[in-house]
Structure formats: C-alpha cells, structure tokens
C-alpha cells in the first residue's frame, strides 16, 4: 500500500494499480472508456485525464492519462482542476459527434456507461450540426443485437473477444475516423462467451436480444443474487424480473469464480422459466380423467389420501434441485428409499469424485487459481462445452508466465500492450486428450484424439513416467504415444503449479482414477498441484453427500414388486432410462407423483403433477465442483402476480405432506429451519448455516432491497386487474425484501448485492468503483481439512469395450446448449439451436455407410428407433458414434451401447 493525495485528500491505495483504478476504488469519480479491470489499459480513449504535480510548489502540473500512469508514493493529483475538466469534457464531445443520441429507444438506457460518463464529464450541450457517419448493422445471431452507429471506438469489444476469450470471428475494420467493429460478414458469433460483449461494451452497440423482447429499464426491475444452474462451476449471477417474468441475467462479481464474465449458456438460457406451457396448478389424473386442483391444502389432502397406508414409497431426487429439496424428499421416504436420480455410470463417477473431495489430499483450485497454473493436463473433458468458464480460465493460464516476468522486466501488469508483447514467445503448457478436436486446441501444445480407453492408457503412462510405478498394462501404446506421455510427464514434473482436469462426462471411472493418481504422484514429489473433477449438474456434489442410490436400482424393486408409490423430484426419468423401463416403472406404481417446474415427459405421465418453484422463484443451496456451498435467492414470489397460482418450493410441498402423514404441526416455517435440521443431521453439511446470513439479517434495521430506489409504478403494476394496492409479498426465507423499501447501502456486503449500482454509476461498470472486492470466501467449503497424508493410489481396470463388428459404439459428445436440460426448454434455444443438433461419425465410416456431412441416419436400440443428422470428423475414432446425450430422444443410458446404423434418411 502507498499514500497518494487526490484533490487535497489523502488516500491509501494499492501500489500495483494504475492511477485510475486506485482512484476509482477510493470512491473518486474519473470518467473512462477503454480501461477494464481485467483487460487492462491501452490509453486509447483519452477520457481519464487528470493533472499530476511534482510537489506542493508546482502550480501548473502535467496532464496525464490516469489509466496509463503508475501510482507513486506521495503523488499529488487533481481531478477537478480546470485544465483536466475541460480536457475530459472536450474528449467526450468528440466521442459523441457521430453518436445517434437515441437513449430513449436504446436497451442500455438507464444502465449505460456512456450516459454516466457524459454526465460525469459535464457534456450537456450538443454543438455538432453536421451529417453524422452511419454504418450498416450486422446479424450476429439469436442472442446479440448489433447497432454500430452507437460505437465510440473504445476497442473494448475486440480486446475482450480476441485477446481475452480467444474468439476469431469478430474484429475491427477500417481506418481513422471510420472504423467498424463486427464480423467479416453476417452470421452467429462463434465464441461461447460472446454474451459478455453486452456488458463489456460501454455503449449500446451490442445488446441482449433476449432482453429486448421483454424490456424494462433497470430501475423498474426486481433483482436478486443467484447462482447459475447450468453446470457445476456455480457462477454468481444477478437475475432481473418484471411482471412475473425473468427479463435478463447479469454477471455478479465473485473474486474466486466467475469474476467479470459469464458463458452464453448461463446468460441466455433463462427463458425456460417464462414459457406459457409451464404448469401453475396441480393436476390429478385418474381413470382417463383429469382434474385441476388450484389449492395447496386440497393438493396436500389428495396426496395424503393416496399415501396414507402405503409403506412401499420411494423418492427419486435430482441434481438440479437444491440440497434442501432433496433432503426433504429423503426425510419423507427414508434414506433407504431415496434415489439420486442419475444413471449407474454417473453415480459411480460421482461417488468416486465425492470420496476424492472428502479425502482432501489434493487442492481443488478455483477459477482464479486455474489462471496461475503453469502446466495443465486436460483428460477427457471438453470443458468449453461442459464447464465453459473453466475453459476461459485455462486460456488466461496460458498467459501466466507474463505475470511472473513482468516484475523483472518492470512491466506493470495493467499495461495491456506491453504485457501482450512480453507474452508472445512465452506461454504456459496445455495438454489435451479428447474424443475429437475442441475449442482449446488452438492454445494446446499437444492434443491427443482417441477413445476414452486409449486416453486412460496415455494417462496411466504419464503416471508411470512421474512415479515409476506401473499400475496397469500399457504396452498397447505405440512408440509415438509413449514419447507423448514422456513429454507430458516431463512438463508436469518441471512445473511449479501443475493442474489436472477431468470429470464424469465420459462416464469412465478409470479416467478419474488416473487423473487422481497423476495429481497424487506430483504432490509426492513436492509440486503445488491442483486437481479438478467436474460433474454434470449444478448440485451433483451436494446430492452425492445425501448418500442415495442410483436410479437403475429402482428396476430391481419393480421386479420384486417392492414399489407401491413413487415421488419424482424435479427429474425427467426419460433422460436416463429406456422408455420401456420408465413406462413399466409407472405402471407398477399405484400412484406416481411428480414435482417439477419443467413440463417434462415424466410430468405428463404423472398421476399427480405438482408445480414447483424454479431457482428464480425459490431460495436454496447448491454445491459446486470445489465442494463450495452457495446460496441462491428467489427473485420474485410466483404467486404474487395477477394470475392465481398454487406454486410452492419443492421442500415446502414435501414438508407439508410429511406433516400431514405423521399428523403433526408444520415445524419448518422458513428455509432457516430446513438448513438447521440438515446441519444437525448430516455431518457433511455441518457448515451449511454459515453459507449466507439467515432471514433475520438486517442492515440498519432493514432487510436488503431487491428493487432500485428509483423504482417506479410499484403500486400500479396490476391496477388493470385490481385497483386496490396490494401489500408487497413477505419473504420469510431470506434477508431480502420484495420492494424498493429496504437498505440500499450494501457496499460492505458485496456477496449479497442484488444489482450493481453506485452513485453516479448506473451500469455494470459500477463494480469497478467498489473498493477491492474480496468475496473469495463467499459460500462455504464443506469438506474438512485432513490432518494425515495417506499415500494411496487407485488401481485401474483398463478394460476396453468388447467391440462387435459392424456395430457402432455410442459415446457422449457435448455441445454448449444441446445437452443441458434447462436450456432445452428455453424457446430461443429450441428455435435456433436444438433443431440444428447433430451427431459425430468418422469420415472413413461415413464412406462405408455412403453418407455425407449433414445426412440424417437412423439406428435402433431396445426396439426404439433413433435418428439424427451427423457431421464428419477425421479425428473421431472409427467405429464410434457421438451423440448429444441428454438431449430429447437421446437418453444417457445409450452411453457405451453398441448399435447398427441401418439406413440413411432422405431430408
């Protein structure tokens, strides 16, 4: 820390920051455009000018760009002198010459960095009266709208898209006063992180197309801090709602996880919550008759009547449901009758990952810690598709050597161009094994495309080279692969911070075991090694701690007639099991109850279908790949709009039924009560109470406001339905209020900020004005530290699938949207992405089958026909058929099954 003097005030600032960042984090307003805390400084916009003085005797000073100026001890700075004020005012006037001044029709209006900076710089009178330069806008896909006339040429978009996220299809064209930011032609942006352009751009050039369809100004929406539900990373998000519909998703800063960015899956896939087909009342089906029950008490009475004298009840949980909801189901049916709702293959992988996390011998890095790794070995996980923010962090880790070299070269880390030049010939190492090419191949030192079995063999040889301990037969490897394994092992042993990444998406236990063995052997030789094992869902780790049973084991109970009633919690069984088996399961049950917010095929087959809240309408806890428990909070109350709905959180439905069956009074009155019982009864969740403050938490005697203090029209939202002013819903589960009434001063409680705002800063750039944000410990790591280091390794089976001639082995292939259950119910994904889904087949196999790229093929398994378009790949191993398992009509049970492709379908 060092002391500087700004406008005659003394400030303690971080010496590693540039002057602009030091001032912003101290609460001093300086307008800027091209600087970004992650992208660094290039000094192109010239907007952040300030005056610095040599000493107290200096009356003239020197005009400098604060983003390009290092902080010096005792520095004297003025932001309010006449010269710098006039300079900044003149610069923003020049930037605005060709701007259309279309704020009233711009989606960024009210949340626009350009608006904030224009006001801050004092540019209030427009003097330019001549023809403005205009551009033709481009079609950039179904997520982002392009309005090039609003551009001020700050270069942030291309610096983020190309330099940071590694995109190649967006650039800058033209020269001088006529530059154009876009693609070389119209088309969908290819990057999995293109949505961040919406927040990176300080104007309205790139706007959220999904938000435009249900647009509301920022101050008229209701927000809540939440957790992205689409993968196991657990990114922090802010969810905005108006009129009972989710309007947009914004990034919520977390120092250890997502930082300033989200992936497109997390940002644009929220519309599953808004679909009209969603169930909002209970349905009872009996003897081909359907009865609607739009009352909570009547629904519980009907359930109790059905379950009254039954002892053969099973509960099937879900990895997309919260810890609290799964625990409530387990409490209702008993631990011995609780099923996790996942396949046996995934169950085995998940239990192994859980054991490794509990063992806690190898550190599990956060996303920010990934960026500090100097050698990464990625085994069998296409992380760009399964956990995209992991891939983004891997890209930054390749630049990690610069961060250790810049000190010796006297290059400040915020100096973007200097750091970029220093990095050109110095990068960290990345080694990849995968079924086929991936989006990270462009930065990989070596990529090995092979079957999962061959990837395990390569991993085993790497382990052998590191530890000189042969745990399996690897003589099947060719000489060139032995050399590859030695190169990988050498790089890992010479590294300071190696990282091994694998996971459950290949459904292969040996892949996880060999990843652990490699990491363990590196730790034995003194390396600061990290190990990341990814799972398939947002709460896979959390559910695994409840010690349930795999879904396949239900089949045995069906055969033994040990099932009378079934409760399915937020799960679609048709995604995991063959259709015939699920149908048999339902027929064997005298009553099947399904609780879900998605209109799944399982819900449609239920005898009693019960609507429940999704993550935007409920509060609860999920556990990410680190074992970090995080709380998400409801954004709005689903029963408070003009439509009468009977929707409760899943845990409330289950608890009401439990109390009714046991003839006792309700004793879980809020989420705090559920968490209290979980903490007491399950040791792994003993820290659950510490994840976030309870519902009684207040600041200055007030709950935290979900709405902006400028929110307008609250009492008139539904005046066309009812002229009487309704009371705002009361939230007994969290520390937030459903209103603008409440504490808005939450700067000291940043992990729980519903939306980003700071006086004078209405856009998401307000995050940059807070003091050093350190919410790294937000959430709670559930796994205790081990005190004894036990040297144990896993023994590999190394058994290949017994391949049958002329049959194709089905392997899971992953795509950003197609495999995700929630995304598949989002209309924008259904209309634009799912219809173009495809499988993968080897080029040589395609010649034998007489098919070409884009052809549609058909195959059969268990008397059910499947069809899909296919793309050809040279890297994909012969004899395999890659399918987007988890997508509708392609259940997970197909993994590692062998099928015969028996015909090509004409399209």
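Glycine is treated like the rest: Cβ placed from N, Cα and C.
Per Swiss-Prot, [2Fe-2S] cluster binding site is recorded for 34, 45, 48, 67, and the stated evidence type is similarity to another entry. In this view, residue 67 ([2Fe-2S] cluster binding site) is surrounded by 29 other Cβ atoms within 10 Å of its Cβ, with every protein chain counted.
For residue 112 ([4Fe-4S] cluster 1 binding site), applying a Cβ distance below 8 Å and a minimum sequence separation of six or more within one chain yields 103, 106, 202, 203, 204, 762, 763. Per Swiss-Prot, [4Fe-4S] cluster 1 binding site is recorded for 99, 103, 106, 112.
Taken from Swiss-Prot, the feature [4Fe-4S] cluster 2 binding site applies to 151, 154, 157, 201. Secondary structure from DSSP puts residue 201 ([4Fe-4S] cluster 2 binding site) in coil. Note on residue 201 ([4Fe-4S] cluster 2 binding site): other Cβ atoms within 10 Å of its Cβ, all shown chains, come to 24.
For residue 228 ([4Fe-4S] cluster 3 binding site), the Cβ neighbour count at a 10 Å cut-off comes to 29, with all displayed protein chains included. The feature [4Fe-4S] cluster 3 binding site is assigned by Swiss-Prot to 228, 231, 235, 263.
Per Swiss-Prot, the feature domain '2Fe-2S ferredoxin-type' maps to 1-83; the stated evidence is sequence analysis.
Assigned with DSSP, the residues of the domain '4Fe-4S His(Cys)3-ligated-type' (83-122) fall into helix, strand and coil as follows: 25 helix, 0 strand, 15 coil. The annotation domain '4Fe-4S His(Cys)3-ligated-type' is assigned in Swiss-Prot to 83-122 on the grounds of sequence analysis.
Computed over the domain '4Fe-4S Mo/W bis-MGD-type' (221-277), the whole-number mean pLDDT of the model equals 94. Annotation comment: Swiss-Prot describes 221-277 as domain '4Fe-4S Mo/W bis-MGD-type', evidence class sequence analysis.
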Long-range environment of the domain '4Fe-4S His(Cys)3-ligated-type' (83-122) - Cβ separation under 8 angstroms, sequence gap at least 6: 29, 31-33, 45-51, 61, 63, 128, 132-133, 145, 147, 149-150, 152-153, 202-204, 207-208, 211-212, 215, 217-219, 760-765
Taking the centre of the Cβ atoms of 34, 45, 48, 67 as the [2Fe-2S] cluster site, the remaining residues of that chain with Cβ inside 8 Å are 20, 32, 33, 35, 41, 42, 43, 44, 46, 47, 65, 66, 68, 154
Write out the long-range same-chain contacts of residue 151 ([4Fe-4S] cluster 2 binding site), meaning residues 6 or more apart in sequence whose Cβ is under 8 Å from its Cβ. 135, 179, 181, 203, 205
Cβ within 8 Å of the mean position of the Cβ atoms of 228, 231, 235, 263: remaining residues of the chain near [4Fe-4S] cluster 3: 230, 233, 234, 258, 262, 265, 266, 387, 388, 389
Nonlocal neighbours by CB distance (under 8 Å) for residue 34 ([2Fe-2S] cluster binding site), same chain, sequence gap 6 or more: 41, 42, 43, 44, 45, 47, 67, 154, 155, 156
With every protein chain in view, how many other Cβ atoms are within 10 Å of the Cβ of residue 154 ([4Fe-4S] cluster 2 binding site)? 26
Nonlocal residues around residue 231 ([4Fe-4S] cluster 3 binding site), in sequence order (Cβ under 8 Å, 6 or more apart): 265, 266, 386, 387, 388, 534, 537, 538, 820
Return the residues near residue 235 ([4Fe-4S] cluster 3 binding site), defined as same-chain residues 6+ apart in sequence whose C-beta is under 8 angstroms from its C-beta, sorted by sequence, else 'none'. 227, 228, 251, 254, 257, 258, 262, 263, 266, 389
For the [4Fe-4S] cluster 2 site built from 151, 154, 157, 201, further residues of that chain with CB within 8 A of the site's CB center: 152, 153, 155, 156, 181, 200, 202, 203, 205, 206
